[in-house]
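Novice: One structure, as structure tokens, below. Some questions next.
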Amino acid sequence: MNRLLPILTVVAAIVVLWYGAAVWLNGPWVQDQAARAGVTVSGMDFVGQTMTQDRPVLPAPHQVIKGLYDGVAGQAITSKKSLIYHGWITLSGTLLGFVIGTGLGILLAVGIVHNKAMDLSVMPWAIASQMIPIIAIAPMLAVVMNSLGASGIVTKAIISAYLSFFPVVVGMVKGLRSPDAMQLDLLRTYSAGEATTLGKLRLPSSMPYLFASLKVGIAASLVGAIVGELNQPAGLGARLLSGSYYGQTVQIWAALFAAATMAALLVVGIGRIETVTLRRMGMAR
Amino acid sequence: MSWLIFAVVFWLVAWGVNSYAARVAGRNRWVRLFVPTLFGITVLVVWEAVIKGLQVSPIILPPPSAIGAKLASSLPVLWGDLVQTFFKGALSGYLIGCGAAVLVAVAIDRSPFLQRGLLPVGNFVAALPIVGIAPIMVMWFGFDWQSKAAVVVVMVFFPVLVNTVAGLSASDRMQRDLMATWGASYWQGLWKLRLPAAMPFIFNGLKIAGTLALIGAIVAEFFGSPTRGMGFRITAEIGQLGLDMIWAEIAVAALAGSAFYGLIALIERGVTFWHPSQRN
């Protein structure tokens with residue numbers, strides 16, 4: 001309760017501010033309509049009308065929740081209006097790309113840790129790539145992959161993989177180097193080879209670093225999938241773009257909240273796996 | 001065919017040189033600079049040679065020489081795009097967002113209740129795909145740079161807020177007690193002890209936000225922009241299959257991103273010269 005109360009207060013304050021902003025931003029339209037009809041609206045009537053518009057400037061929270069509910073529960077899940085349908089398309093691309101990016105990232109990190117030349121050549125570029133807006137290549141990758149005949153999910157997955165790749169490389173290199181000299185020396189006195197050291201010492205002790213970068217990576221993957229969908233027919237990114245073309249603000253906000261929920265579930269899911277794994281390995285803090 | 005053989009030979013030679021250099025003098029400063037540079041050059045040469053050798057169509061992947069030529073021949077356009085996206089959109093949003101985040105962090109500093117409420121919310125929001133608000137901001141603030149700046153403000157706010165709040169509690173109990181024994185007021189303590197002590201954390205947030213700012217400004221342009229800007233140019237050139245121009249824009253974005261990061265790192269070194277990570 002001691003931890004929940006402040007959070008609930010802040011969330012409640014945000015909701016109140018949001019309603020206030022909805023009245024403020026949607027008000028001019030109501031006044032405009034009323035002026036055209038030659039009537040005056042005031043008081044609760046005015047407030048009520050700012051929250052029931054079809055295309056409000058800022059939909060009130062309950063309109064967004066209704067949009068979300070309609071999208072999730074109000075449609076058959078095969079329908080083009082269903083958020084579950086679009087969400088699944090985004091999620092599948094995200095997860096495929098995340099698995100590819102993470103796998104390649106771990107492999108490269110193992111290579112970097114074991115090969116001095118690779119470390120010196122690749123590592124500065126991997127670090128530099130984190131300051132670069134990689135996402136700018138997403139639309140181009142999408143076109144190139146299309147012209148090469150790749151399907152939509154593969155295109156998205158490649159963008160997602162690319163975005164999750166570098167955080168995992170950087171995090172895993174740090175993790176694989178985290179055993180201290182004493183531990184490495186101990187394994188050398190056991191005359192353990194590189195492979196044994198990797199399997200029995202380096203990989204286990206890199207787990208906290210791995211999970212930290214997985215959380216960053218999955219969020220980046222989702223952003224990549226959404227941006228990769230901007231020129232595709234389906235997915236949450238496509239929902240965002242079509243909503244912005246047709247001024248369907250409720251649709252945009254519903255898609256946005258669906259994406260946010262998905263991101264939260266993915267990060268929390270990885271956090272859960274992290275807790276369980278670290279506890280089983282006796283590394284829980 | 002000869003191009004492909006050249007690519008393989010060049011790659012093997014460069015690999016050999018790099019392994020040798022890393023093995024013999026891996027600690028030398030110049031070698032540490034030389035090895036990644038040679039790696040970068042090798043990537044470019046192999047890229048160029050493979051494209052020439054396999055005769056890859058330039059609408060799939062243009063060779064680096066074509067990208068370089070395009071970059072050199074369209075400098076005014078690229079500069080205009082950079083001004084629109086980076087200086088107007090990203091930078092103004094970055095300054096507003098980071099400034100607001102630091103101010104809010106100082107404002108809620110005296111209230112542990114607000115901190116306990118805002119920190120989890122801020123951490124949660126920082127993990128969300130905030131770029132998704134881009135279409136909404138474009139709808140509210142129009143196609144020009146104001147909407148891009150608004151997206152950037154929202155994107156950079158929470159990482160900087162979370163880091164600043166963490167930084168403000170970074171000073172030791174002992175140091176704060178010392179300030180108290182000198183009869184320092186809250187503001188003196190904040191200004192002379194806790195803000196300086198928070199600087200490494202704040203700069204960490206500022207660095208994360210620097211990358212986010214450029215991403216936000218470019219992606220927001222995918223949802224609507226005037227006829228200039230990096231994101232606009234990328235979407236427009238896709239329609240004409242002008243991939244060399246897109247790569248040129250990406251090169252400029254990469255340069256701007258690293259230069260901005262470097263600038264923040266330089267300022268950090270000046271401000272937090274006392275911190276162990278800045279001392280060699």
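Glycine is no exception: its Cβ is also placed from the backbone N, Cα and C atoms.
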Novice: Under TrEMBL, which of the candidate ranges B:176-200, B:201-225 is annotated transmembrane segment?
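Specialist: Checking TrEMBL against the ranges B:176-200, B:201-225, the transmembrane segment one is B:201-225.
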Novice: Same chain, outside the transmembrane segment (B:121-143) by at least 6, Cβ under 8 Å from its Cβ: which residues?
Specialist: 150-151, 154-155, 158-159, 161-162, 165, 215-216, 219-220, 222-226
Novice: Where else in the chain does the transmembrane segment (B:149-170) make close Cβ contacts, counting only residues six or more beyond its ends and a cut-off under 8 Å?
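Specialist: The answer is 88-90, 92-94, 96-98, 100-102, 104-106, 108-109, 115, 118-119, 122-123, 125-126, 130-131, 133-134, 137, 140-141, 190, 194-195, 197-202, 204-206, 208-209, 212-213, 215-217, 219-220.
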Novice: The transmembrane segment (B:91-109): which same-chain residues, six or more beyond its ends, come within Cβ distance under 8 Å?
Specialist: 115, 118, 145, 148-158, 160-161, 164-165, 168, 190, 202, 205-206, 209-210, 213, 216-217
Novice: Can you work out which residues elsewhere in the same chain, 6+ from the ends of the transmembrane segment (B:245-267), have a Cβ less than 8 Å from its Cβ atoms?
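Specialist: Distant Cβ neighbours of the transmembrane segment (B:245-267) are 62, 67, 70-71, 74, 78, 81-82, 86, 203, 206-207, 210-211, 214, 218, 230, 233-234, 237-238.
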Novice: Taking residues 6+ outside the transmembrane segment (B:29-47), which of them lie with a CB under 8 Å of any CB in it?
Specialist: 7, 10-11, 14-15, 17-18, 21-22, 61, 63-64
